[in-house]
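**Q** Take this structure first; my questions come after.
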Amino acid sequence: MASLKLWVCLVLLLVLELTSVHECRPLVAEERFSGSSRLKKIRRELFERLKEMKGRSEGEETILGNTLDSKRLSPGGPDPRHH
């Protein structure tokens with residue numbers, strides 16, 4: 001009886017997977033490329049985006065500088081009675 005329930009579940013999952021509709025947009029707008037040229041184009045786009053993001057992050061660092069570094073010193077060292 002348990003094996004029958006298992007088979008029914010597996011068949012239902014298989015039917016659901018085969019009949020489900022996946023709607024997603026393609027990574028690349030043009031779909032007429034072959035497999036290898038499509039991968040090359042995707043890789044090139046990813047590298048361009050990575051360079052752009054690195055440029056942005058480096059620009060933010062130069063704008064902020066070291067303003068986030070704390071230059072505060074404890075007046076008498078760490079408090080031994082703290083905690």
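A Cβ is built for glycine as well, from the same backbone N, Cα and C atoms used for every other residue.
Small disclaimer: the values here were computed from a predicted structure and weren't measured.
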**Q** Which range, 17-37, 38-58, does Swiss-Prot list as coiled coil?
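**A** Range annotated as coiled coil by Swiss-Prot: 38-58.
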**Q** Please report, as numbers and ranges, the same-chain residues at least 6 past the borders of the signal peptide (1-24) whose CB is under 8 Å from any CB of it.
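**A** Hits for the signal peptide (1-24): none.
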**Q** For the coiled coil (38-58), would you mind checking the mean pLDDT of the predicted model?
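**A** Reported value for the coiled coil (38-58) is a mean pLDDT of 86.
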